[in-house]
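Over in TrEMBL, the protein carries these features:
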type	residues	note
DOMAIN	19-371	domain 'ABC-2 type transporter transmembrane'
TRANSMEM	20-40	transmembrane segment
TRANSMEM	184-209	transmembrane segment
TRANSMEM	229-258	transmembrane segment
TRANSMEM	264-288	transmembrane segment
TRANSMEM	295-314	transmembrane segment
TRANSMEM	353-374	transmembrane segment
Amino acid sequence: MNTFSQGLRTFYHSLKADKWLFVLTCFAPMLMSLIIWLIFSAHFATQLPVAVVDQDKTTMSRALIRYYDASPTISINKTVEDISSAQALMNKGDVYAIIIIPKYLERETVKGSSPTVTTRYNSQYVLIGKLIKSALVQAHGTFNAMVEIIRNTAATHGNVALAMSEALPINQQITSLYNGKNDYAQFLVAAAVPALWQIIIMAATVLFLEKNKGQLLVQNQARRKTFWLLIKGLLPFSVLFFAQTLLFFMFALMYANWPFNGNFAIMITACFIATIACQSLAAFLYSITLDAARAMSLVAGMAAPAFAFMGITFPSSDMPVLALIWRSLLPASHYIELQNQQMNYGTVLFSTFSNLLSLFAFAVLLVAASYIFYKRQPQGETQC
């Protein structure tokens, strides 16, 4: 208790002396998380602008355009005469995709041929590109089925049921087991917030160590004392960040209605260990440089691209070896796997043990940091 009270005093004086550290510790996590949530609070991407180049201008082509426009995801807000004009609209960012309906679409369809409708979309916007592609495929498939049913109805002398069975011999039902509403806010915010908090925790740790490095580099200070000074200095920050994590989870589960199918005790434990893991990594980086600017550069270089390595928007199984190595060096990558396991899959402790162990292993860096601080103390008679 005495050690923790000393840490609280150091914590208080550090926040009082450094306003940036105060803001970064007390306000930035929740404020930035709220901003991210507000950005994605629409939950669904709808009415994405798409341009159409109708080279056929027939009843069938206009019907196809209406099928596309009926999708809640896209909005056919531009109809242009040539491809170059449509391409110019996409280059300016006015539309996300171009649908090119070929000439003689209706004639070729009636003859039994298979004319090709071409779609060009900007895949640099990964999420938007996937949504547009999915919406167009669904609308196009529905229209194809309608055309086939009409054709078969004539062949079966008006037997609509038989025409439908021939057009759609096998019906399919595709059900999403997780994130059934396709709420992009749920899976993006749930990953973006841990990635952001990782940066904030590491940056706050660097600022704190810069402010108090004099206590860690005292001449003739025992190795054990250096370690405990580091622990008691960082522990109040750990508790505060952990408390804010719990507040955000309460907001996500009770207000945003995010699903949670796992064990809350496992989730709480993982949050606390992940906080310590981020602090340990930051302490190690700072101990190497003993300079806030250089340490911040290392923190930014490692943690800034964390979201890309989480495996949320790009599967980790398809990442090259170098990306997997980088991913393994980030606490947030191990944490997000465990979070997904608990929130979506409801896995048991045994299944999450490997990720918990990976997070706990970062504590070795805290021990290494204390040893580096000890070795970099001014030369003199040493104590054990």
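The backbone N, Cα and C atoms fix where each Cβ goes, glycine too.
TrEMBL labels come from automatic prediction, so no person has curated them.
Keep in mind the model is a prediction, meaning the values are calculated, not measured.
The stretches the transmembrane segment (264-288) and the transmembrane segment (20-40) do not meet in space: the count of Cβ pairs below 8 angstroms, excluding pairs fewer than 6 apart in sequence, stays at fewer than three. Only pairs six or more apart in sequence are counted, and the transmembrane segment (20-40) with the transmembrane segment (229-258) gives three or more Cβ pairs under 8 Å, enough to call it a contact. Note on the transmembrane segment (184-209): residues 14, 18, 20-21, 24-25, 28-29, 32-33, 36-37, 40-45, 127, 216, 233-234, 237, 241, 245, 248, 252, 256, 258-259, 274-275, 278-279, 281-283, 285-287, 292, 295-296, 299-300, 303-304, 306-307, 310, 312-313, 330-332, 335-336, 339-340, 343 of its chain, located 6 or more positions outside it, place their CB under 8 angstroms from a CB of the stretch.
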